[in-house]
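Database features (TrEMBL):
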type: BINDING; residues: R18, W19, H33, D69, D77, M78, P79, T80, D137; note: substrate binding site
type: BINDING; residues: H33, H68, D69, D137; note: divalent metal cation binding site
type: DOMAIN; residues: 30-142; note: domain 'HD'
type: SITE; residues: R18; note: site 'Appears to be important in orienting the phosphate for catalysis'
Amino acid sequence: MSQSHFFAHLSRLKLIGRWPLMRNVRTENVSEHSLQVAFVAHALALIKNRKFDGKLNAERVALLAMYHDASEVLTGDMPTPIKYYNPQIAHEYKKIEKIAQQKLIEMLPEEFQEDYRSLIDEHHFSDEEKKTVKQADALCAYLKCLEELSAGNTEFTMAKVRLEKTLSDRQSPEMDYFMAVFIPSFSLSLDEISQDSPL
């Protein structure tokens, strides 16, 4: 039985910082970001199913979100202003991302490669799954901006404005619901979010 370095690589996602060009009050790594995106994507899928007649598999969506940045363990986290500086750079980065995804999948024992390919390679996602994960990813970046701004870090002001436009472009009833019900709490202190439900 040969050894696989797949999970050893994934464990290093915690070493890859996000927002590398920004001054952060609290740094964020790709591993914790991926978990938050999984939480939010799962919620968006449930909201869509329960309130807006959706037919998404919420558990699968959560898994797709968990792995959505897995290739960054090989590529690093490219700063957004660089990644989307022009269409050619964005296109080339997508190709690099695809190569990294394939390299990760090939680290697995052959009998498990197709199982993980369906979670890592977005060509195996339905349009609705892809849309939901992208919405959750943008929402989590927006939440990071809110947290930094509420801690007094104005460095995230323009990022918040940019993400508001992104969220507007990706708007959906389930995202509107999530934003109305869950987002306001992110600007509150621990005391404020605890007063309605003391332990």
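Glycine is treated like the rest: Cβ placed from N, Cα and C.
The distance from the Cα of H33 (substrate binding site) to the Cα of H68 (divalent metal cation binding site) comes to 10 Å. For H68 (divalent metal cation binding site), the spatially nearest entry among the binding-site residues D77, P79, D137 is D137, judged by CA separation. Of all Cβ atoms in the shown protein chains, 14 besides its own fall within 10 Å of the Cβ of P79 (substrate binding site). Following the DSSP three-state reduction, the secondary structure of D69 (divalent metal cation binding site) is coil.
In sequence order, P20, V30, E72, A141 are the residues of the same chain, not among R18, W19, H33, D69, D77, M78, P79, T80, D137, whose CB sits within 8 A of the CB centroid for the substrate site. Confidence annotation: the domain 'HD' (30-142) carries a mean pLDDT of 94 in the model. You'll find the Cα of P79 (substrate binding site) roughly 13 Å from the Cα of D69 (divalent metal cation binding site). Of all the binding-site residues listed here (R18, H68), it is R18 whose C-beta has the fewest other C-beta atoms within 10 angstroms.
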